[in-house]
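Take a look at this one; I'll ask things after.
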Amino acid sequence: MKTLQFFFLFCCWKAICCNSCELTNITIAIEKEECRFCISINTTWCAGYCYTRDLVYKDPARPNIQKTCTFKELVYETVRVPGCAHHADSLYTYPVATQCHCGKCDSDSTDCTVRGLGPSYCSFGEMKE
């Protein structure tokens, strides 16, 4: 019985403490306006949980900064979008996270909204494989 209790506590600890911010593979839809369709590519981005709290008493002298799982370092990769018209620029550059951390969301480079469009959104409605 003690083994079962230990296993249960270990699983709870693992779920709470170890689901930290880390690199994960995702599929995103990329689109070029000149090409009029989207393609899916695989990339690496940050996902996970960060310790945060929402204070009951909001102290205006001390801002409450919520930490999110975001990139610490990233690189850019470029792909050629196949099937574009010959006169169109068919190169697309996208970010690839190489290191993650829990930090303040930088709205200059990241969608910090509660509900963004999502990585598979395509404004043209047509996905090419």
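Placement of Cβ uses the backbone N, Cα and C atoms for every residue, glycine included.
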According to the record in Swiss-Prot, which candidate from C35, C38, C69, C84 pairs with C21 in a disulphide?
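Record-based pairing for C21: C69.
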Between C38, C46, C50, work out which one Swiss-Prot annotates as bonded to C100 by a disulfide.
C46
Taking just the CA atoms, what is the gap between C46 (disulfide bond) and C105 (disulfide bond) in Å?
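On Cα coordinates alone, these residues lie 12 Å apart.
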What's the number of neighbouring CB atoms sitting within 10 A of the CB on C102 (disulfide bond)?
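I count 17 other Cβ atoms within 10 Å of it.
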Using C-alpha atoms, which one of the recorded positions N25, C50, C69, C100 comes nearest to C112 (disulfide bond)?
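Given the candidates N25, C50, C69, C100, the nearest one is C69.
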Between the Cα atoms of C21 (disulfide bond) and C102 (disulfide bond), find the distance and write it as a whole number of Å.
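Approximately 6 Å lies between the Cα of C21 (disulfide bond) and that of C102 (disulfide bond).
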